[in-house]
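Positions annotated as active site by TrEMBL: Glu174, His249. The active site, nucleophile annotation in TrEMBL covers Cys370. The annotation substrate binding site is assigned in TrEMBL to 19-28, Asn110, 137-138, Arg213, Asp251, Asn364.
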Amino acid sequence: MKTLEANFDGLVGPTHNYAGLSFGNVASQKNEHSVANPKAAARQGLRKMKRLADLGFAQGVLPPQERPSIRLLRELGFSGKDAEAIAKAAKEAPELLAAASSASAMWTANAATVSPSADTPDRRVHFTPANLCSKLHRAIEHEATHRTLGAIFADPSHFMVHEALPGTPALGDEGAANHTRFCAQYGARGVEFFVYGRSEYRHGPEPKRFPARQTFEASRAVAQRHGLTEDTVVFAQQNPEVIDAGVFHNDVIAVGNRTTLFCHERAFVERKGVYDELRAKLAKHDAAFDVIEVPDAQVSVADAVSSYLFNSQLLSRADGSQILVVPQECRENPRVAIYLDELVAKPGPIGEVLTFDLRESMKNGGGPACLRLRVVLDDAERAAVAPGVWINDALFTRLDAWIEKHYRDRLAPQDLTDPTLLVESRTALDELTQILGLGSLYDFQR
Ligand code: SUG
């Protein structure tokens, strides 16, 4: 039996735009009102998927959500026909129309937290969709995410898709962006590492400028639901100072895979204690643990935030060596570029760096790691996944043609007021569910 890590990337939706919706996410705020290119965004993401599939990694795709969300507009009191609701929102509250139109479900690291069957008591893969309750445009994702995951991971003998946690500040949950699993082999029992930004009830340090989106209470609840035992979990607090510097998710400052944690030295509160606990718990499962800690003197937190060095994917090749998948911005920052050259030159677990142009997503604060949800699967589980979502040559070609046919190459903030965008988006998504073989997934199809 071969157990491996599959990556499910979000396909960028037709309404990809820059609306400055994410306070605390430096890129999102900096690029507010700039003109987006949804076609290029979707292509960039699809090319990453194709390249990784070509290299032999198990690569799946998760479909975009329906946007603009007419459901949200109606909940907010904009009534009438679809076009009327859009027109009213455009006039009275353009910021709410922007929230209803965001393509943010592309960042599937925030779709859910996933625990592999090797860690869970019922030997099923557990998913908890993230409530994303700290931002309105993201808080509307989890219901559709639940439906999508339910359609792809449908077999109840292998998969358990929970409901999201209640969407309230005490239980703010941002999914896998704040969760990492360490293990000797993917199929062996591992240690799941939950990183939170603040605690609602236990007094502790908190950021002063930007919000901490993930709470300890949410992380603990997810671990509890998935049935993870004490020796399988480690909770750690993110350094509030780095949240205030723009690290709105832990995956902007740390990434882990198998027995390696690659992180900035300022990532965590009481870092030594965190590393020691991870090492001790992994040792109980006969697994080693290595930390590659990047010193502030070499790469500052500001450099990490602008280059997204740590929003990289750390992937294990069949021979056990690891490759680091980084955005092009890492090559454009001289200090980060030098660091990466030195990293691969010296002996250690990371032997190669692969660079991708993901500029459209990056301008909203979404790098390679944001775009993917990791799901560890054994042979039987892999066989139980809806077959149409795996990226191969044929699916790549179909999706590429689908993007070409349906996507605009320019979307400015004012374009969100155009009611034909809804019609275009629905037409595209209707065709997509046929391509992916997922049945009627969207509200408008039901
Ligand atoms: O939640 N950006 C997303 C980026 C998510 C990145 N994900 C991870 N780090 N895993 C966010 O802040 C910006 C949308 C806008 O401003 O139009 C946005 O939602």
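Using the three backbone atoms N, Cα and C, a Cβ is placed for every residue, glycine included.
Because TrEMBL annotations are produced automatically, they should be read as predictions rather than curated entries.
Since the structure is predicted, the reported quantities are computational estimates derived from the model, not experimental observations.
Taking the recorded positions Ala19, Leu21, Ala27, Cys370 in turn and counting surrounding C-beta atoms within 10 angstroms, the largest count is reached at Cys370. In space, His249 is the closest of the active-site residues Glu174, His249, Cys370 to Asn25 (substrate binding site), judged by Cα positions. Proximity to ligand 1 (Cβ under 6 Å from any of its atoms) holds for these recorded positions out of Phe23, Ala27, Asn110, Glu174: Asn110. Comparing the Cα of Arg138 (substrate binding site) with the Cα of every entry in Glu174, His249, Cys370, these being the active-site residues, the smallest distance points to Glu174. His249 (active site) has Glu174 nearby among the recorded positions Ala19, Phe23, Ala27, Glu174, counting only those with a Cα within 10 angstroms of its own Cα. Comparing the binding-site residues Asn25, Asn110 on other C-beta atoms within 10 angstroms of each C-beta gives the minimum for Asn25.
Every protein chain considered, the tally of other Cβ atoms within 10 Å of the Cβ of His249 (active site) stands at 27. Remark: Phe23 (substrate binding site) has Gln29, Phe210, Pro211 as non-local neighbours, by Cβ distance under 8 Å and separation of at least 6 in sequence.
Other C-beta atoms found within 10 angstroms of the C-beta of Asp251 (substrate binding site) number 29, with every protein chain shown included. Looking at Arg138, Glu174, the recorded positions in this record, the fewest other C-beta atoms within 10 angstroms of the C-beta turn up around Arg138. In space, Asn110 is the closest of the recorded positions Ala19, Asn110, Glu174 to Cys370 (active site, nucleophile), judged by Cα positions. Rounded to the nearest whole angstrom, the C-alpha distance between Asn110 (substrate binding site) and Glu174 (active site) is 5.
Note: the CA-CA distance between Leu21 (substrate binding site) and Glu174 (active site) rounds to 16 Å. In this structure, the C-alpha atom of Ala19 (substrate binding site) lies 20 angstrom from that of Glu174 (active site).
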